[in-house]
Amino acid sequence: MPVFVGPFLRRSERSSDSETKFTNVFVKNLDEGVSEDELKAMFAEHGTVNSCVIMRDDDGKSKGFGFVNFEAPEQAAAAVSALNGKDINGKDLYVGRAQKKAEREAMLRAKFEELRAERIAKYQGMNLYVKNLHDDIDDESLRAEFSQFGTITSAKVMVDSAGKGRGFGFVCYASPEEATRAVTEMNGRMIKGKPIYVALAQRRDVRRAQLEQQYQQRMAMAPGPRGPMGPGMFPPGAPPMFYPPGPRGPMGPGMMNPYLMAGPGRGMPGRGPRGMMMPPQMMGPAGARSGRGGRGGRGRGEFQGRGRGPAGPGGRGRGPREGAPAPPAGAPGAAPAAPAAPAEGGQLTAAMLAAAPPEQQKQLLGERLFPLVAGMQPDLAGKITGMLLEMDNSELLLLLEDPAALDAKVDEAVQVLKQHNAIPDGAVGVPGRAPGRLGRCAALSEAAMTRLPAAVVAAAILLLHLAAPGVEAVECGKQAGGKPCPQGECCSIWAGSPWTPTSRLADWSWAGYMGQEKAIPSYNTKVFNVMDPKYGAKGDGVTDDTIAVQKALGDAQAAAYALFTEPCGYKGQRTCLKPHKGWQNEGAKGVVVYLPRGRFKITQTLEITQSNVVLRGAGSSQTMLWFPQGLKAIYGDEQRWATGGAFLIINGNNAGSNQEKYGLTQLTADAHKGDRIVKVASTEDIQVGTWVRFFALAASPARRRLSQAQSGSAGNGTGAGASSPAAATSRLRPLSPALKRAMESAQQYYEAETAPSGVSSAAQPGTLDAYLWGENLVDSGRNAFKGTDHNRFSTRVVAKGADWLQLERPLPYDLRVRWQVWVYQFYASVQHSGIENLAIQFAEDVYPEHLDTKGYNAIGLYSTANCWVSGVRIFNADNGIHVSQSDFVTIQHVVLSVTKPRWTEDTYPDNGHHALWLVRAGDVLVFAFNIKNQFMHDLSVDGFAERSVFSSGSGVNLNIDCHRGGPHNHLFSNINCGSCGRPFLSGGDTGRGAHAGANVTFWNVFGTNSSGITRPQLPDCKFGPLLNFMGSWQAPKGVTVGKNAPYERYPAWCSNTRWFVEQVAPGQQLVPKDLFTSQLSSKRQRMPWLAPPAG
């Protein structure tokens, strides 16, 4: 047999040769009557035919195609050229080279891709992808929603086999410009109660690749595996590791103490810093822990001579410092690979530090601390850095990661040096400020600081607000270098001219627990330890500890009741409230339900329904409440878990205007913003020194819808489907009275969220609702939240006459007689209770749909006053913290994150519904928060909430959600919105009016990325009326600004809705960084009539 030998050819080269030299011909489109003989005769005219065949089915019927084989390639080529396309019996014949199946498939695939590419190119930028559609949306309604933006060539809602909508579809426009306009206007818009997602359509493989890439990037940013963990250190989702008592050796490489997993633990206005508790095995000898943290001490010090040991008997140490535990780690005990030494100036991680020799660890920390400190205090950088290096390495790592915490520590070091006469008076300062002064932005003298309580002084120190390295801090009223600026540099609206109660900026210095008059208390009257044999909690993550914790709560609440009541015989009552002026015992005494280190499995709600009760853990890195099921699985699926309910509840009766028995007198003359004296019908029932509330009864026509819920009555339940027998039998447990009251409000929120959309509307001129939307400068809705109070102002009465009252707080807005304004007694049945120092983790489940959740809801404060949540870490929540119908609440040092992504295709990239949510609440402070994974609504104000503050917080891609329904007079200050791709993206049904009510202020809201600080884009001008924006901004949506447009300090953006926008010049930083702390520290200077602070 002859053997062929030749050079190697690739298949493509071989096939290309076969394309020109072939003998086998494929014929198709043959008439059924053509036979093999006729076919052979037809092709024989062009050469010698070796064979000819027509393919037939089982019945012998022609399939319309066949093959002809020639003796020579030239003959086959001639036949193809002559016969291809020839008309045979009325059909155009196809004649071509016969191909292998693989060749034919490749050719068809290439042709398909070519056609698809042409189609994509043709409709590039014109085809939109729309998701999160309501089930009732069909093709026609989808077209109707989008038709206002241009000519629609097609609109299609994708359906399943039963014809039911799958929640997404496509809209195609005639031009890219029309499509772009539709994306801008429609993305995030509420349609039938659901915020739709609109974007340019992408091929599925491209979209999937992008999602995978984004997920991989997130995972790459997560910290790597940690080394062995010590006592009390456990990753979320894993049981804690306990060790028998006894001495232990020093921590080895990879072992970090629990405080590396804690947040900065810095104090905040209204609450002093907490002492730190360390396991005894990790502490040095008692003699080494000298200073004020010892027996009887206050646990405040952080430098040599001011120890941080836990307070002994009589001391005021508060337990472990609170903050964020570490993200989920790898397998416990897995030793990490030793990292290379970090490059000078690079990021120093815990793993790098642990891998370095002990003698080099302080050097690595010092090399990174010194330039940061030098940017704040150049003359004292060496001394302050040395002081800081006395701290624990894990705490120093936290300072490197948190510039705000470092600012506070540097300021504290300056004060310590000053107290010890290490530096003379007048040497304290920062570049650009006169020595010895806090600057005009602070509006507070050093002498005034000595008259304030320690917690407020700590806040005042924050007013230095040092700039980041490379950015010069500019004093208000001056330019860089100290040159005068006529209008005041960077913050003229606050410090460029003296603040008065009638100024455009409101006063938020009363936001938070007890109006910032006292620090949050640390109770020690009686402690109920859930692991005592009487209760028997195990804390092992396996045993159900629900009953044990509930029993401890029951005993604690019975003991707490005696603290604010006394025996009496009033109308058959055995006990009555002790005389008070509205704030009960002002937190003087209280009891604690204590959860030690451990992982406590909980399968029902835990409820506080008495004043002066605290649920306290050993720290958010040590005490974990583990919830394996959601509320829906436990209590049934007929409730609206997406809009209410929680596992940890503080619930009472914070009386609204519907509880007429608390009404005292009626306003008889109009009062205006800034007034402190109001005319009333009578003052007979009002005592000087008591707290009162002002309600406008004529806010809306219907006023009695929530009378049972607000008065504390159990009610009958209003969940959707509550009347359905099938739904009733599906409930595993009955709702408790507290949970039932919460769900009555949740039902109303759900109905407001899903009400039919309509055209823009306006309240009647002269009404309260018209006033709250800037006298109808924007859409004021269709009487949102009927039957509820649309204002809720609280203040103390400091003097009275026969027909007048003098108020401690200036009025924040007008009160007009035609609104039927009444003065009510300040009555809240549950006060001075809190939840602190623990972590909450839910099962690793998904967030399936906007308003369809499984009830993984962490904390709810319902109808309370003067309560708090502090030092709490929340994992895998649908809703994080919900504050409703409550006043003077503090939420501080909270972190929300997930242990794995919770989003689905319908909810990407949102991991939950509401992170931090205020509804119908007033004077609430949310301080020092971190939302590490994106929620649909990160910071939400809703339902006529007012005068609340979100301060000094951050998020990965944070949005400020003004959720319509008249939220007014709020402050968002010093907010880091991360990538800041959606800073003002807000929800809420369009029938509830514009997103924001009047006088909401956004101060120093900024983004960060790898290149530095980024500027958020302002929302559409219809977002709300009389809004204030101070910082560095991009023009509002819909406002065009040229690339080379000159810098404007006061751009006239949205003048038709009377916005005030102040732009910070390039290279400068807004001073002060946080308006709230600035207002708080200058409170008594601005309002000299206030009484001296307590304590």
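Cβ from N, Cα, C; glycine included.
Over the domain 'RRM' (23-100), the average per-residue pLDDT in this prediction is 91. Sequence annotations record features per position, and here TrEMBL assigns domain 'RRM' to 23-100 (among others).
Here TrEMBL flags 126-203 (among others) as domain 'RRM'. Taking DSSP states H, G and I as helix and E and B as strand, the domain 'RRM' (126-203) has 22 helix, 30 strand, 26 coil.
Residues annotated as region 'Disordered' in TrEMBL: 265-343 (among others).
The annotation compositional bias 'Low complexity' is assigned in TrEMBL to 274-289 (among others).
What TrEMBL records for 306-317 is compositional bias 'Gly residues'.
Annotation source TrEMBL lists compositional bias 'Low complexity' at 331-343 (among others).
TrEMBL lists 345-422 with the feature domain 'PABC'.
Per TrEMBL, the feature region 'Disordered' maps to 707-728 (among others).
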Looking only at the domain 'PABC' (345-422), what are its DSSP counts of helix, strand and coil residues? 57 helix, 0 strand, 21 coil
Treating G and I as helix alongside H, and B as strand alongside E, what does DSSP give for the domain 'RRM' (23-100) in helix, strand and coil? 20 helix, 30 strand, 28 coil
